[in-house]
Amino acid sequence: MAAQVVVVGSCMTDLVSLTTRLPKAGETVLGHKFFIGFGGKGANQCVQSARLGANTSLICKVGKDSFGNDYVENLKKNGISTAFVDQTTDAATGTASIIVNSEVKTLFNPAPALADLDPQFYIYSDIFCCNETEAEILTGIPVGNLEDAEKVGRMLLERGCKLVIVTLGAEGCMMISVEEPIPKHVPAGKVRAVDTTGAGDSFVGALAFYLAYYPKLSMEEMIRKSNCIASVSVQASGTQSSYPYRKDLPQDLF
Ligand SMILES: Nc1ncnc2c1ncn2[C@@H]1O[C@H](COP(=O)(O)OP(=O)(O)OP(=O)(O)O)[C@@H](O)[C@H]1O
Ligand SMILES: [K+]
């Protein structure tokens with residue numbers, strides 16, 4: 001089955017120690033819990049998209065070691081195609097060759113952001129989606145409210161973007177596009193957030209799912225639904241561990 005959502009991005013193994021306080025330089029402190037988690041922005045987005053029912057494929061490279069082996073297993077467990085996941089004995093310097101056909105829309109998430117991002121990314125992305133921090137690094141505009149996000153959106157349109165989404169945490173998102181140059185606020189629902197880690201990737205993964213499977217929805221509607229999904233992820237701790245499955249979500253999202 002051909003993948004409908006293809007993510008090019010990182011896989012990271014999280015080694016998490018829970019301690020009462022952070023150690024000072026050189027100090028050893030006693031921890032009370034340790035766990036290994038699966039993270040990395042590319043894999044997170046892919047997992048969220050797959051859990052909603054998308055046929056997904058991840059393009060990435062992991063080491064030829066036990067973490068790499070476990071990661072490949074984790075991707076398989078999540079039903080993600082590993083046909084393009086490679087393992088290397090070299091140092092972890094990843095490169096990716098991207099081939100995109102005209103039907104796989106390009107959703108670009110500039111994370112972690114580089115101030116001197118190659119300008120071609122603005123031009124060739126169908127959708128350019130960044131959070132407040134990334135927006136500031138890319139444009140120099142600190143984003144503290146909706147108006148700031150609108151300024152970012154306008155600047156990125158000037159750089160050649162077709163459609164810009166700036167995620168605003170509990171405030172949801174701002175969207176602006178060449179077709180609809182009046183910025184729109186798409187608010188997120190009010191929830192009790194316990195851990196917002198990974199919310200951005202949940203949002204991007206959900207958006208990729210809607211782009212691939214519900215292409216007739218308006219962008220505003222896709223964003224509204226993706227906000228709902230990301231807002232579920234902030235109500236549980238961890239990253240992938242907080243991402244909801246389709247069966248546990250309100251069915252009117254589908
Ligand atoms: N407190 C919250 N309440 C409801 N929804 C939230 C909240 N925080 C985040 N979200 C949802 O998650 C989306 C992404 O959040 P945010 O802008 O904080 O991304 P981010 O900074 O990339 O997150 P992270 O780096 O923690 O993954 C928001 O657009 C919104 O839909
Ligand atoms: K979370």
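Note: Cβ is positioned from N, Cα and C throughout, glycine not excepted.
TrEMBL: automatically predicted annotations, no manual curation.
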Asn131, Thr167, Leu168, Gly169, Ala170, Glu171, Gly172, Gly200, Asp201 bind ATP per TrEMBL; candidate in Asn145, Asn227 listed for that same site: Asn227
The domain 'Carbohydrate kinase PfkB' (3-115) - residue tally per DSSP class, helix then strand then coil: 23 helix, 36 strand, 54 coil
Densest Cβ neighbourhood among Asp14, Asp195, Asp201 (binding-site residues), 10 Å radius: Asp201
Candidates Asp14, Asn131, Leu168, Ala170, Gly172 (binding-site residues) - the one closest to Asp195 (K(+) binding site) by CA: Ala170
